[in-house]
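Taken from TrEMBL as is:
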BINDING   THR115, ASP189, GLU214, LYS244, ASP248  substrate binding site
BINDING   GLY280, GLU281, VAL282, GLY283, LYS284, GLY285, GLU301, ASN404  NAD(+) binding site
COMPBIAS  14-23  compositional bias 'Basic residues'
COMPBIAS  24-43  compositional bias 'Low complexity'
DOMAIN    249-410  domain 'S-adenosyl-L-homocysteine hydrolase NAD binding'
REGION    1-64  region 'Disordered'
Amino acid sequence: MIQFADQKQEFTKRPSKIGRRSLSRSISQSSTDSYSSAASYTDSSDDETSPRDKQQKNSKGNGDFCIKNIKQADFGRREIEIAEQEMPALMALRKRAQGEKPLAGAKVVGCTHITAQTAVLMETLSALGAQCRWAACNIYSTQNEVAAALAEGGFSVFAWKGESEDDFWWCIDRCVNVEGWQPNMILDDGGDLTHWIYKKYPNMFKKIKGIVEESVTGVHRLYQLSKAGKLCVPAMNVNDSVTKQKFDNLYCCRESILDGLKRTTDVMFGGKQVVVCGYGEVGKGCCAALKAMGSIVYVTEIDPICALQACMDGFRLVKLNEVIRQVDIVITCTGNKNVVVREYLDRMKNGCIVCNMGHSNTEIDVASLRTPELTWERVRSQVDHVIWPDGKRIVLLAEGRLLNLSCSTVPTFVLSITATTQALALIELYNAPEGRYKQDVYLLPKKMDEYVASLHLPTFDAHLTELSDEQAKYLGLNKNGPFKPNYYR
């Protein structure tokens, strides 16, 4: 009864905030508007003051953070506790390694999506001995109440939902450039943090032991640095770990694509014509979900192997210009730039929904739409109507940024797999003896991939079959793995 009374008291404080949300707002404010998605309790309309102009402290008097509202910490703590229930491997990692403190002395600077799932990762790293400072890798994906809970817990977090571009880089700089604190590990999602340190503080790399990167975009940047001979520390490519790519990219997107589209547009998928640009793991997940809902799905691809997979899975392989006039939804998931350019946007039908499931905001040429002849109307959180002079309009989601993390949430269990992989990669690079890893990009050893998978099996009450000595000898394997060669994908 006491708990119910507390909840009632808190929820009665909130309706006045929600009531102030306007239905349509000018695009001139859109880059700094921080409307809350359904994933977040917080709503910026109650306070338009920039967090950079506030002086906030947590209950212990610490003010080394910059977030929207420290008073939301209790909401965030509840979200984190819910996420912990769906992240069994990280919780197991805490129990197994907490006594050893394998990250004792590690000073991790991170730039990822700041969500309840990331909070579980950060608190796990802390339990393993690391100090952490964190910024957001996306201006729309931060859950403000989770950032508040982290700040209340003593973490130096610099992020809020609806940052401007200037805020974005300012937050990263505040994470890195602090007197008396030198990072020795980088955990990045998209490569922006790594890029900033290279650009502004290259001398920091003398003390940095390694980089862990989890996105297609960020990994591409790392390989470019390596090829140019400019990568001065070892880097771990977590994105191409089997447990990341085959689970997070595929199964996460299979569920979250529908969630993001439903929350923002209330669209019905049955019978809709959809074109998915890219048939990698993200594209495969999106296509599978949309097909299951009764959509007519087209695929564009540059890779003949992925293209053949799309054909064998029953999708029509097309060029974008062949279907652009007739499709109802356009989804990009290539990791490339200028996939949907102004020419295609001009030719789209009235009401076409345009969104991006790739990490970076370069896939849709949104900049080409910011011209005087086009009118922008903010409809709801992360939903804009872009209106042509003849009255035609398209529905642009999250201004071309990552749909699922900007407009909805992603399945916690799948993120447990990715977060555990990140934690193990940090432990591996931090504790590696000198000379094991050179200044290059590495994949996580297959044995660790299998370990991450095994930590998640008890959730399903799943029981692995064990090889007999005779079977192991026949296959030429160790009974305890690894069971596949490193090149196997």
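Numbers here mean position along the shown chain, with the first residue as 1.
Any Cβ shown, glycine's included, is placed from N, Cα and C.
Curation plays no part in TrEMBL annotations; they are all automatic predictions.
Looking only at Cα atoms, THR115 (substrate binding site) sits nearest to GLU281 among the binding-site residues GLY280, GLU281, GLU301.
In the predicted structure, the domain 'S-adenosyl-L-homocysteine hydrolase NAD binding' (249-410) carries a mean pLDDT of 95.
Between the alpha carbons (Cα) of ASN404 (NAD(+) binding site) and LYS244 (substrate binding site) lies a span of roughly 17 Å. With the fewest other C-beta atoms within 10 Å around its C-beta, GLY280 stands out among the binding-site residues GLY280, GLY283, GLY285. Recorded residues GLU301 (NAD(+) binding site) and ASP248 (substrate binding site) have their alpha carbons 21 Å apart, per Cα-Cα distance.
Summarising the environment of GLU301 (NAD(+) binding site), the number of other Cβ atoms within 10 Å of its Cβ, over all protein chains shown, is 23. Each of the binding-site residues THR115, ASN404 was scored by the number of other CB atoms within 10 Å of its CB, and the largest score is that of ASN404. The Cβ neighbour count for VAL282 (NAD(+) binding site), using a 10 Å radius over every protein chain in view, is 28.
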